[in-house]
Amino acid sequence: METIRLTTAQALIKFLNQQYVHSDGEEFPFVEGIFNIFGHGNVLGIGHALEQDPGHLKVYQGKNEQGMAHTAIAYSKQMLRKKIYAITTSSGPGSANLVTAAATALANQIPILLLPADTYATRQPDPVLQQFEQEQSIAITTNDALQPVSRYWDRITRPEQLMSSLIRAFEVMTDPAKAGPATICISQDVEGEAFDYDVRFFEKRVHYIDRKLPSERELKGAADLIKKSKRPLLVVGGGAKYSEAREALIAFSETFNVPLTETQAGKSAVEASFKNNLGGLGITGTLAANKAAQQADLVIGIGTRFTDFATSSKTLFDFEKVKFVNINVSRMQAYKLDAFPVVADAKRTLEALVPMLEGYKSEYGDDIGQLKAEWLKERERLGKVTFDRERFEPEIKGHFTQEVMNEYADALQTEFAQTTALLTINETIDPDSVIICAAGSLPGDLQRLWHAEVPNTYHLEYGYSCMGYEVSGTLGLKLAEPNKEVYAIVGDGSFLMLHSELVTAIQYHKKINVLLFDNSGYGCINNLQMDFGGGSYFCEFRTADEKILHVDYAKVAEGYGAKSYRVSTVEELKAALEDAKKQECSTLIDIKVLPKTMTDGYDGSWWNLGVSEVSDREGIQKAYELKQEKLTRAKQY
């Protein structure tokens, strides 16, 4: 047996360079590069190995472990899970900062490789710097916190363990049904230890991502249910994007006159202008999609997890009559909602169903077009909301008085409505631009209002809805789409939570654009607490003497080296967007908007929340009673 003597870290980097993916006839490297923040736990091991020979790996220095991991997640998601970045961190706090990002990747089923350093395998210097001591077991370290948020987790305490661990990790990351974060913790002393590795371990390794075909039984069962239905409904999830099923979805929808609705993950799988596309459904859905959902007698899930936001906490559909066909590569997801499961690739399944349904037509007739036209009229109205200091009724009604709205207008020096600003952006940026969002009220506005006309240009992280993903993720978008303009659509709350990778983007001349909506508060949660009978309690950004906080975010960005703009009108926003396109550096547009001017929920948008059963507030009592009434019509599981 021929061997090569390498340190554990050198063997790791050599192996990463030899991993390839084969998908739809194309072959390419799976690992694009590696993000790092070096500390004493990884700088002398992985750091030295990369300095010595990174191979084809692109190496970037991050500014926050969670932030750079979110960059890697966004890159993989935008590349349809066909390429990844690895992440190396030091032990202790550096590793702990990966927990939130790992959970984000797991919730969204996105493959990334996490390589946190660990405590000493020999235990000779224990407790080493940044190691805590747990009395119940000396073997427990910070990295154990990553176990529940990793699809695969391992700890390397001997150099030879690396081989079986890496093979297993890549099997998991390249499996469409169970893709997610793989975490390999490497003891910091072991990173530098050498071993005589079998050279065959470093040969080119190709991971085949094949399309799983549906069985004849699955196709017949699905076709029979569709033929019996009168008002079927397509629910397009993220799996439809990863399957690149656009043409198959359009053909199926057109041939059988079936309306198409979208989850956050599925939006932009099919362009918004497609005649049968009714937009997002559920809690943050359009009026058109939710009406169609309530009338459906068969729901055909295409690569969706059917989260509470898609099903309105399992109250959106008429569960007394509706049936489900779930097409999903994941057996677990396909079995949800008592569905007839088709565990197969979305594109291939839809293509196979079309000839089996010859002669079938839904009974919608012109209803789909009428629903869409009704919604487009409402969308147009939302794009023209203007503020009035005397008689203004915001979209979120009954929360703030006119006096409070005027106070915000004065403090933020704006009369700009959020929906007007958002639709102005949609109309002004290039159609092939890619937008990203994750948390706050903006995801709801985007799912309802944003029209994506180019496939895979709408990037929402709504599996974990992690505040702070937006700016970090925009850098990931730019790495995936270097020739397109990329935009973070982010609220002030999420921006404050995490925006460190804006500096990384500036450092490496990777132009990103940050569109920062500032309403001085956690507006989404403020709506929530007040909708359910509470007061406005610690969700507005107010000073100790109750003054509204006014932050100059444009100046913050200028300090980092970005080109920045301050806007509070349609004209200023359009001018800033056009000028930002001309810039070669990263930009930030500080958009001051009024609170309560985001979209509100439409018919069918109820959300099951933990409302207090006992309260002295009448509003909370009524909210609890409504919850109990809604649950009588909800599916229990």
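The chain as shown is numbered from 1 upward.
Glycine too: its Cβ is placed from the backbone N, Cα and C atoms.
Listed features, source Swiss-Prot:
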{"type": "BINDING", "residues": "Glu65", "note": "thiamine diphosphate binding site"}
{"type": "REGION", "residues": "441-521", "note": "region 'Thiamine pyrophosphate binding'"}
{"type": "BINDING", "residues": "Asp492, Asn519", "note": "Mg(2+) binding site"}
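Overlay of Swiss-Prot feature records on the structure.
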residue: Glu65; record: thiamine diphosphate binding site; Cβ within 10 Å: 28
residue: Asp492; record: Mg(2+) binding site; Cβ within 10 Å: 24
residue: Asn519; record: Mg(2+) binding site; Cβ within 10 Å: 29
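Sorting the region 'Thiamine pyrophosphate binding' (441-521) by DSSP state (H, G, I as helix; E, B as strand; all else coil) yields 33 helix, 16 strand, 32 coil.
The two recorded residues, the residue listed as 'thiamine diphosphate binding site' and Asn519 (Mg(2+) binding site), have Cα atoms 28 Å apart.
Annotation note: the residue listed as 'thiamine diphosphate binding site' sits in a helical segment as assigned by DSSP. Taken together, the residues in the region 'Thiamine pyrophosphate binding' (441-521) have a mean pLDDT of 99 on the 0 to 100 scale.
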